[in-house]
Amino acid sequence: MPPSGLRLLPLLLPLLWLLVLTPSRPAAGLSTCKTIDMELVKRKRIETIRGQILSKLRLASPPSQGEVPPGPLPEAVLALYNSTRDRVAGESAEPEPEPEADYYAKEVTRVLMVETHNEIYDKFKQSTHSIYMFFNTSELREAVPEPVLLSRAELRLLRLKLKVEQHVELYQKYSNNSWRYLSNRLLAPSNSPEWLSFDVTGVVRQWLSRGGEIEGFRLSAHCSCDSKDNTLQVDINGFTTGRRGDLATIHGMNRPFLLLMATPLERAQHLQSSRHRRALDTNYCFSSTEKNCCVRQLYIDFRKDLGWKWIHEPKGYHANFCLGPCPYIWSLDTQYSKVLALYNQHNPGASAAPCCVPQALEPLPIVYYVGRKPKVEQLSNMIVRSCKCS
């Protein structure tokens with residue numbers, strides 16, 4: 001080595017040691033998604049919501065409030081809004097099934113309706129208008145130990161002969177012994193028995209998540225405004241409508257039942273652990289200091305943030321947004337430079353790494369006026385519930 005090189009060696013040694021001791025930067029910390037200022041993201045999210053609300057209501061501009069009557073909202077309108085809000089809250093509380101669970105074969109179980117000598121039936125007035133069907137949730141949990149394992153639930157009823165056309169409605173027992181409408185069916189006259197099936201997957205997931213012991217449904221004749229006869233004409237196996245309002249004794253194994261399709265119990269632990277690893281939802285993100293992709297809190301006050309006074313309920317809501325880097329799954333020594341170069345050539349404005357985007361969104365019920373008429377509307381996909389890298 002020339003003398004000049006020897007003189008430089010003491011200066012080069014610290015640099016060489018620094019290169020040796022410093023680990024190569026893993027690709028897991030890299031993302032080609034541009035880093036955006038948090039306040040800028042919030043402002044953009046607010047402006048996006050402004051446009052979304054007007055677009056979903058098909059309004060070119062906020063409606064005039066000149067004709068809005070003074071005072072509080074009418075009680076009927078407020079009751080409709082509250083019931084809509086409660087229904088949305090109940091549905092959003094339901095656990096989401098995991099895509100991985102759809103791969104596995106489903107175990108099918110039948111849970112029969114509770115027999116009518118159970119005291120639960122004494123709490124409901126016997127009527128020619130309706131029949132009641134209650135189920136023991138302990139039997140449901142024995143068949144499906146975790147709500148996330150439930151793939152599908154059907155309420156099956158064996159309809160007997162029907163002489164006249166009958167419009168029926170199915171309701172779910174709700175809080176304070178109230179009833180929530182689920183669906184309806186128009187039954188044609190028939191001389192032969194026929195199985196009726198109602199999809200009640202969401203309802204059964206709610207039951208599995210709650211601590212109640214007995215839950216139930218009500219099948220009722222449709223109440224027509226121009227008809228005085230609201231008698232339930234259809235006979236369901238296991239009941240006799242009685243025409244006198246009497247609930248007859250249940251008979252046979254073909255009484256109403258729930259057909260449950262669920263992923264087997266032995267896979268529950270695997271799916272549950274996978275769910276915790278993947279769930280970038282509000283429960284996880286709001287209680288952690290996660291720096292990567294996650295749901296970020298954002299409350300929008302309609303008056304303060306949007307300058308709007310025309311939305312009367314709610315006054316604001318938690319819109320939230322997704323933010324955070326989505327790491328590469330490759331390491332630096334396994335990246336295919338030619339593939340990435342070709343990708344960037346054909347997609348110069350795109351990211352070579354996934355970006356943080358919404359996965360689950362919830363609706364937002366609102367009350368607003370059009371002229372002097374109050375309206376209750378449900379705006380879809382307004383609340384970010386969870387995020388994913390995509």
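Cβ atoms are placed via backbone N, Cα and C, with glycine included.
Record features, source Swiss-Prot:
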DISULFID  Cys285-Cys294  disulfide bond
DISULFID  Cys293-Cys356  disulfide bond
DISULFID  Cys322-Cys387  disulfide bond
DISULFID  Cys326-Cys389  disulfide bond
CARBOHYD  Asn82  N-linked glycosylation site
CARBOHYD  Asn136  N-linked glycosylation site
CARBOHYD  Asn176  N-linked glycosylation site
REGION    30-74  region 'Straightjacket domain'
REGION    75-271  region 'Arm domain'
REGION    226-252  region 'Bowtie tail'
SIGNAL    1-29  signal peptide
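Distribution of Swiss-Prot features across the structure.
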residue: Asn82; record: N-linked glycosylation site; CB count, 10 Å: 14
residue: Asn136; record: N-linked glycosylation site; CB count, 10 Å: 17
residue: Asn176; record: N-linked glycosylation site; CB count, 10 Å: 4
residue: Cys285; record: disulfide bond; CB count, 10 Å: 22
residue: Cys293; record: disulfide bond; CB count, 10 Å: 24
residue: Cys294; record: disulfide bond; CB count, 10 Å: 20
residue: Cys322; record: disulfide bond; CB count, 10 Å: 23
residue: Cys326; record: disulfide bond; CB count, 10 Å: 21
residue: Cys387; record: disulfide bond; CB count, 10 Å: 26
residue: Cys389; record: disulfide bond; CB count, 10 Å: 20
Have a look at the recorded positions Asn82, Cys285, Cys326 and say which one has the shortest Cα distance to Cys293 (disulfide bond).
Cys326
Do you know the mean pLDDT across the region 'Straightjacket domain' (30-74)?
80
Ten-angstrom check, please: count other Cβ atoms within 10 Å of the Cβ of Cys356 (disulfide bond), all chains counted.
23
Measuring Cα to Cα, how far is Cys387 (disulfide bond) from Cys294 (disulfide bond) in Å?
6
Inter-residue Cα distance where the pair is Asn176 (N-linked glycosylation site) and Asn82 (N-linked glycosylation site), in Å:
15
